[in-house]
Amino acid sequence: MANSSPVYDWFQERLEIQDIADDFSTKYVPPHVNIFYCLGGITLVCFLIQFATGFAMTFYYKPTVAEAYSSVQYLMTDVSFGWLIRSVHRWSASMMVLMLILHVFRVYLTGGFKRPRELTWVTGVTMAVITVSFGVTGYSLPWDQVGYWAVKIVSGVPAAIPVVGDFMVELLRGGESVGQSTLTRFYSLHTFVMPWLLAVFMLMHFLMIRKQGISGPL
């Protein structure tokens, strides 16, 4: 590149960033692609908003049955723009689920799950399950009446599974009944385990799309 800066030359010599930029900027976009093909990207944006606002709330949230509710109230009433951060987190969560559903329908209706993109579809469905699980675990964290009874009902569902049902219930609750161990496990799942899982499957999803390209029209 003519008249490039020393900083650019330093990175170019080591990482060949121009080749990376050319690869992204010259990627062919099929003529049949329309606005509905942006639904997956919008879902990603919602996830990034979720990550940023969720990270901000961890500075104030206290994952204990005695202080969880009061810490959420403190965030909403006393922290500067805390109400906005939590509201954006909730709104983007709803938007993420909506965009995900529409994205799945778009891919299904346009046949984007067919050979050779079966694994892309599998990773997408896996991410859909993780996203719904985000909603279940996050719903309980304020530890109000709605959150408590939601956890009690959801964690009791596996009891209907033969042989391993009771073990799964105890694994989710951290004991025989819903309590501090349950909240701790749901908090850990919501803020650490699931974000990492989703990030890994997102990377796999994007790499496969990058390799195979966008599916053709029906």
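Backbone N, Cα and C define each Cβ position, glycine as well.
Residues or ranges marked as transmembrane segment in Swiss-Prot: 35-55 (among others).
The heme c binding site annotation in Swiss-Prot covers Cys38, and the record cites sequence analysis as its basis. According to DSSP, Cys38 (heme c binding site) is assigned to a helical segment. Close to Cys38 (heme c binding site) in the fold, though at least 6 residues off in sequence, lies no residue with a CB less than 8 Å from its CB.
Taking all protein chains in view, 21 other C-beta atoms sit within 10 angstroms of the C-beta of His190 (heme b 2 binding site). Per Swiss-Prot, heme b 2 binding site is recorded for His89, His190, and the stated evidence type is sequence analysis.
Within the chain, the transmembrane segment (93-113) has long-range Cβ neighbours (under 8 A, six or more residues past its boundaries) at 36-37, 39-40, 42-43, 46-47, 50, 120-121, 124-125, 127-128, 131-132, 134-135, 138, 214-215, 217-218. If you look up Swiss-Prot, you'll see 93-113 (among others) marked as transmembrane segment.
Residue density at His103 (heme b 1 binding site): 22 other Cβ atoms are found within 10 A of its Cβ, drawing on all protein chains shown. The feature heme b 1 binding site is assigned by Swiss-Prot to His103, His205, with sequence analysis given as support.
What Swiss-Prot records for 119-139 (among others) is transmembrane segment. Sequence-distant neighbours of the transmembrane segment (119-139) (same chain, 6+ residues past either end, Cβ-Cβ under 8 Å): 50, 93, 96-97, 100, 103-104, 107, 112-113, 146-147, 150, 154, 186-187, 189-190, 194, 197-198, 201-202, 204-205, 208-209, 212.
Through the fold, the transmembrane segment (189-209) approaches residues 44, 47, 51, 54, 58, 117, 119-120, 123-124, 126-127, 130-131, 133-134, 137-138, 141 of its own chain, all at least 6 residues removed from its boundaries and within a Cβ separation under 8 Å. The annotation transmembrane segment is assigned in Swiss-Prot to 189-209 (among others) on the grounds of sequence analysis.
Over all protein chains present, the Cβ of His89 (heme b 2 binding site) has 18 other Cβ atoms lying within 10 Å. Long-range C-beta contacts of His205 (heme b 1 binding site), restricted to its own chain and to partners at least six residues apart, with a cutoff below 8 Å, comprise Thr120, Thr123, Gly124, Met127. Secondary structure at His205 (heme b 1 binding site), taken from DSSP and collapsed to helix, strand or coil, is helix.
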